[in-house]
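For reference, TrEMBL has these:
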BINDING   137, 158, 185, 186, 203  S-adenosyl-L-methionine binding site
COMPBIAS  32-48  compositional bias 'Polar residues'
REGION    1-68  region 'Disordered'
Ligand SMILES: C[S@@+](CC[C@H](N)C(=O)[O-])C[C@H]1O[C@@H](n2cnc3c(N)ncnc32)[C@H](O)[C@@H]1O
């Protein structure tokens, strides 16, 4: 994978919510580091040479629940469970700068319709508090910012500083003044207090998370009673002939596009593989129920290429 060109510059601004006493945070964030980590991403990169024993990217803490065995999958590869987050980090550091254009090209713009559908299912209202997990470049957060209005609040959160930087710049340019930007691992959602949000969304993020059960439990924890969770994710196509065509497209065209546009075929090979490894519609619904969500359902979009799962904390 070639990610040298798209690594964050040596001096990007730290990604922190503007208000370090945000009502959603379990405790104020320390100044100068991303989410209270001992070193910011910038420091890790400046401390050259980085030895093999030091993580390449300093990531917000993940879960240590025992839900996942010593190995797990990274696309079709079997990797040490502790290494998966680093590998996912490399993918998204590499693609961050070209992420939005690649999304439009790969999906022929259809990802915008999928996201619109999910937003319509959210029932979001003015004054509400929304957390977009693994929110990346902020497509959903941007719309929620408008929908909740000045009396509401949106948190755009992601594990990856490069993606979050792109999202933050974009939303600030768009005048979204009611949005906080917080580095957080979906497996723990550590910075957020219990029962904080009316609405949680995670769009095309869950399949990248190592311990999905822990992530769903963390989501349940930070959701207010009466709140809802929406998961927009690639899923299992329900029409077999279509599924063959889709495979052909994913495993040939996507890596080629990735090479041409983002100079990174490997990350887009991972995209195709990670989609195939993600739990299907019914399995994911069962996982949500296991985490405590009630009245769970899902809607297939584009013949099940994508599904929106919804669940409530009652
Ligand atoms: C395909 S992008 C989706 C971005 C955005 N939500 C969208 O729909 O366009 C996946 C995002 O998940 C983030 N991610 C991966 N693992 C994560 C984790 N454990 N916790 C939080 N975010 C994670 C990545 O950094 C990346 O920004």
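Cβ atoms are placed via backbone N, Cα and C, with glycine included.
What TrEMBL says about a protein is an automatic prediction, not a curated fact.
According to DSSP, residue 203 (S-adenosyl-L-methionine binding site) sits within a strand segment.
Remark: residue 137 (S-adenosyl-L-methionine binding site) has 96, 99, 100, 163, 166, 167, 170 as non-local neighbours, by Cβ distance under 8 Å and separation of at least 6 in sequence. In this structure, residue 158 (S-adenosyl-L-methionine binding site) is part of a beta strand by DSSP.
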